[in-house]
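Visitor: Copying in the features that Swiss-Prot gives for the protein in this structure:
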type	residues	note
ACT_SITE	730	active site
ACT_SITE	755	active site
ACT_SITE	795	active site
BINDING	687-699, 730-733, 750, 795	NAD(+) binding site
COMPBIAS	443-457	compositional bias 'Pro residues'
COMPBIAS	468-491	compositional bias 'Pro residues'
COMPBIAS	560-579	compositional bias 'Low complexity'
COMPBIAS	580-589	compositional bias 'Pro residues'
COMPBIAS	590-599	compositional bias 'Low complexity'
COMPBIAS	656-670	compositional bias 'Basic and acidic residues'
DOMAIN	650-825	domain 'TR mART core'
REGION	435-673	region 'Disordered'
């Protein structure tokens, strides 16, 4: 568990700063609504203006609601930070036996801000000039009544609100996140993620305010243009402002054709204006969808409720006891419903066999309680005594009296009801008899199969010298040989993993070329620890070293491969229980730089969960060293969670960290969608030997056709795996120039795949620690632990091209490590 280090006062101050920033956003909203109050009817009531005005009304209402949700969400986040500080202060005060520490007062929850819709833009704006009456009958429409002055006033109000909205939140953002990042608390990453969400929502809202302002200014300009064009056309037949026609027109009355021509020109101008306004209305509607996303994100935080601890108070203790009692009632209530079904007529019709067995068990159990049980069963008194303990939950009163009280109360109340305790006499009777006779014993471990020891070596004939340098086959110890003190560290689950061929599974046993001598027993491997565990095979000649074994620790045997007896493979050792063994499949070849014995070109066996790699995939480069270098060259480092943790190579099930078996009983998440052979091959290749080659090519931007195909296959497989949302950690070594690139407030794009782990303890151990520790809040990372070659590492893998927002960058004064906190974008 990570250490706790919290300054409640500093944390409370940071929360108060966030609340103040939220309240300042409320002031911006109030100023905006006041400015918009005088813009009613600015779009006009003509067909074009009314259509655009209705679109504006919907967008403006959504945008103001998004502003209110952002304000309420930011205040709620601040309240949560202050409540967290209060809880830590209470815990610190309760742990101070001297009574010197004082708790912070519980903060007041900030009330939500409610806003109404702005005034409608649809209404009578500007009036038509007097000369409009000469052409109105020929046009068939009313004067465009939009008021450009009101439109520009509304645009200025929106632009000012957007700028002030962004400035108010930014003023408190960076310093607050830095203050919270300095606290070593479990919820630190979640708080910073919430603040990042608020910052993103604020930026979206401010951007949409500027968009609305630009659209209103554009419409105001179009209104002015159409008004000017119409007045210019009207001036050809009359004074547009007075409507008085020329004298010759009154005398000759030959202006009707001219008026119709002018009316047609005005209709063309108005039609063009309508099309432009319709396009502008579509842009305003697009604003609504962008605003809805920000509203949905921040309304989640606005609806949060924050409570403070009741521990150590009489009210808290009383509520805890009541809750435990109701928990017991609920558990027994569920059992009551199940018992009611078991003795119901419906079950008799649906499951007559099961119903008959239940009733027979009740009769037999009742006989035990009245002393009519089979021979060797305890008497009636002892049976009733055991039954009473079951009904009253006697053994649970010492550990959880409140829950035991709830269970006992429910059982006593439903004692004689169908489905109650008396309906379970068969079960209780058998339980009492078994308990009193000591029949309930833990299942025994099956006896391992008897294995004959290897026969003693045959004595040489007289006159022949005894062969020297021919040691017999040695059974493996089941544990990897320890590496040298100055050798490389074990593969870190958050840093680097072995290259191709560096951590192969057990090698396939060599097959003898000649039949063994008759009468000689065949040496075999050490017997398994228990039934169901695979026998650890002896490593093949020339096989590469195990993860914790240096290359120099391997001594090639001197016995020829033809005379070496084949050890039992893991699949063969389980053949009696699980069917015929799976045939071994060849894995990637061993690096050329490693020494090999006579049988060094024998193929290695692929682990059960590794899948079958693509045929024709290129092998790992022969120049790769047996251990990946500690210092990566780019980005987060080339490491992944691909190496055994610093612990006993064998876990409780007898499997080593590399013995990934589907029946290992591990608690990993299953894939969301079925994985085909291509998916398994891609995952096995990456979590095994192929990560280094792919990541190097991705960072250099030099993927060949084969590598691109493997990257695409891995990306496709990751999409089928479950998403992990939560904190992950990664340890690595970064050079100073790469470390300098991680600056708070910037977004880092990782071109390669990024491996992390959920096991914080293993990642921070001395064996795996580098000079840098990344603490990342994952939102779309994929849990590959169920299909990894090393499932114990609990790996969370981010796809290539993932983006991370750098929240903070600090140096741990105790360890000297750089701690970088990031949020996946």
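Backbone N, Cα and C define each Cβ position, glycine as well.
Quick caveat, the model's predicted, so the values are computed rather than measured.
Are these features on the surface or tucked inside, and what touches them?
Guide: Residue 730 (active site) carries a strand DSSP state (E or B).
Reduced to three states, the DSSP call for residue 755 (active site) is strand.
Residue 795 (active site) falls within a strand when secondary structure is assigned with DSSP.
There are 23 other Cβ atoms within 10 Å of the Cβ belonging to residue 690 (NAD(+) binding site).
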Visitor: Of 690, 693, 696, 755, which recorded positions are close to residue 730 (active site), meaning a Cα within 10 Å of its Cα?
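Guide: Near residue 730 (active site) by Cα: 755.
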Visitor: If you draw a 10 Å sphere around the Cβ of residue 699 (NAD(+) binding site), how many other Cβ atoms fall inside it, taking every protein chain shown into account?
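Guide: Counting Cβ neighbours of residue 699 (NAD(+) binding site) within 10 Å gives 17.
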Visitor: Counting all other Cβ atoms within 10 Å across every protein chain shown, which of the recorded positions 687, 732, 755 scores highest?
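Guide: Of the recorded positions 687, 732, 755, the highest Cβ count within 10 Å belongs to 755.
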Visitor: I need the CA-to-CA distance for residue 795 (active site) versus residue 732 (NAD(+) binding site), whole Å please.
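Guide: Here the two Cα atoms lie 15 Å apart.
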Visitor: Going by DSSP, give the three-state secondary structure for residue 690 (NAD(+) binding site).
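Guide: The three-state answer is helix.
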Visitor: Comparing the recorded positions 693, 795, which residue's C-beta has the most other C-beta atoms within 10 angstroms in this structure?
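Guide: It comes out as 795.
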Visitor: On the 0 to 100 scale, where does the mean pLDDT of the domain 'TR mART core' (650-825) fall?
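Guide: Here the mean pLDDT over the domain 'TR mART core' (650-825) amounts to 81.
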